[in-house]
Structure formats: structure tokens, C-alpha cells
Amino acid sequence: MIKYVLISALLVVAVYSFTIEDSEDALLEEAEDELDTEEERRMALPPGAVCNGHKSDCQCFGAKYKCSCPFLWRFRRSAKCHCKKGWAWTAIKKRSCHNRYQWSG
């Protein structure tokens, strides 16, 4: 009986240590995301400018502008993404951008 209690306690401690480690990783990721949003707040790229395809569409100036990348752009070195006009749903998606005050009237 005591063996089962000890094994159960060890399992609880092991699971607890993993959850603490995961929460620390999550806090670090949140801090990095906050830094990225600070950069997005500071500047928005004009239409036609080269943008980073790995980041959100918030980097492009305007409610309907999005970062548009060519087909298989990740595998071609010369391929670059540009801020181009998107559809109406792009404006709906960009309502949650932190830098929307720059282009909203």
C-alpha cells in the first residue's frame, strides 16, 4: 500500500514539474510576442513594400492590405513577399492588429 502511495506521489511531482516547465516556456513565448507587437506598432509598411511572410498581415499599412507571397516562396531565395491589396475578409482579420490606429480614420 505504501509503495502505491509513494509511486503516485512521484507521478504527481513529475507531472507538476513538467507543467511548471511548460508554463515558463509559455511566458517566454508571450514576452517574445509582445516584442513583435511593439515592432508592429512602430511601423507599418506601405503598399508594394517588401514584407516578411513569416509575420502577420499587420505589418502592411491599410485595412485591406496583406503580405502576399509567391507560390513556393520559401524554397526560392529570390522570391520576396510584398504588401498587396487583399479581399474584404483581410480587413476583418486585421481588426485585431495592434497598429490599426495608424490607418484607421
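Quick reminder: no glycine exception, Cβ is built from N, Cα and C everywhere.
Of the cysteines Cys81, Cys83, only one is given by Swiss-Prot as the disulfide partner of Cys60: Cys83. Candidates considered were Cys81, Cys97. The record in Swiss-Prot pairs Cys58 in a disulfide bond with Cys97. Candidates considered were Cys67, Cys81. The record in Swiss-Prot pairs Cys69 in a disulfide bond with Cys81. In the three-state DSSP scheme, Cys67 (disulfide bond) falls into the strand class. Secondary structure at Cys58 (disulfide bond), as computed by DSSP, is helix. With Cys97 (disulfide bond) as the anchor, the candidate disulfide-bonded residues are Cys51, Cys60, Cys67, Cys69, and the one with the nearest CA is Cys60.
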